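Lifted from TrEMBL, the feature list:
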DOMAIN    35-131  domain 'PH'
DOMAIN    152-212  domain 'FYVE-type'
COMPBIAS  221-233  compositional bias 'Polar residues'
REGION    221-249  region 'Disordered'
COMPBIAS  238-249  compositional bias 'Acidic residues'
Amino acid sequence: MVDRLANSEANTRRISLVENCFGAAGQPLTIPGRVLIGEGVLTKLCRKKPKARQFFLFNDILVYGNIVIQKKKYNKQHIIPLENVTIDSIKDEGELRNGWLIKTPTKSFAVYAATATEKSEWMNHINKCVTDLLSKSGKTPSHEHAAVWVPDSEATVCMRCQKAKFTPVNRRHHCRKCGFVVCGPCSEKRFLLPSQSSKPVRICDFCYDLLSTGDMAACQPTRSDSYSQSLKSPLNDASDDDDDDDSSD
């Protein structure tokens, strides 16, 4: 069915509408063979709090952005190649329900659908697209993925030293290897993680010591994928941050 739609006028028109909604700041999305599979609003667990984001699933990429005017205007476009994607279901906890993890070597995060049916459809379609891509390319599934960042609201003290309390002066930072929320003194070192950046990135002392000895796997977080506290805890943001605080520490 996807191959049949690839060159159809309806598919070309739908992709063109998505491009127009992102405007000049967005990347061109129309290429031969690309098909828009589906779209919808999902709740993305950002660093400071869950936020609604518009997602577009194509047969080779996943695109999402901030909603400015629903179905008319989006910004901060993100494009994720599907061949690098793996997804894992998240157990329902509290108000956060119907969720799953989207994991890639560069970035990983949690999203939530409005219903269990919608979650199932999204996950089935994503898995089908990934399987088809890998089958055509002959590549193997990616087993490396970036850590999912622990939301700011889940940590009132440093998750490494367990002593430093976070305040407007003593800021939160995120280790790019394990995703933990850590204090400045516990994350002064940098390490090159090629899948995430061409420059050395902030990591905690614990991960730095392990990476320096070549023990890469041990840096992965041991916490369960629980995100319910991000809705229950008070938030320490003075303003509505943009999508993921990618440029923040």
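Going from the start of the chain as shown, residues are counted 1 onward.
Cβ from N, Cα, C; glycine included.
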Exercise. Over the domain 'PH' (35-131), what does the predicted model average in pLDDT?
Worked result: 95
Seminar exercise, completed: Grouping DSSP H, G, I as helix and E, B as strand, the residues of the domain 'FYVE-type' (152-212) number 14 helix, 10 strand, 37 coil
Seminar exercise, completed: Across the domain 'PH' (35-131), DSSP yields 19 helix, 54 strand, 24 coil
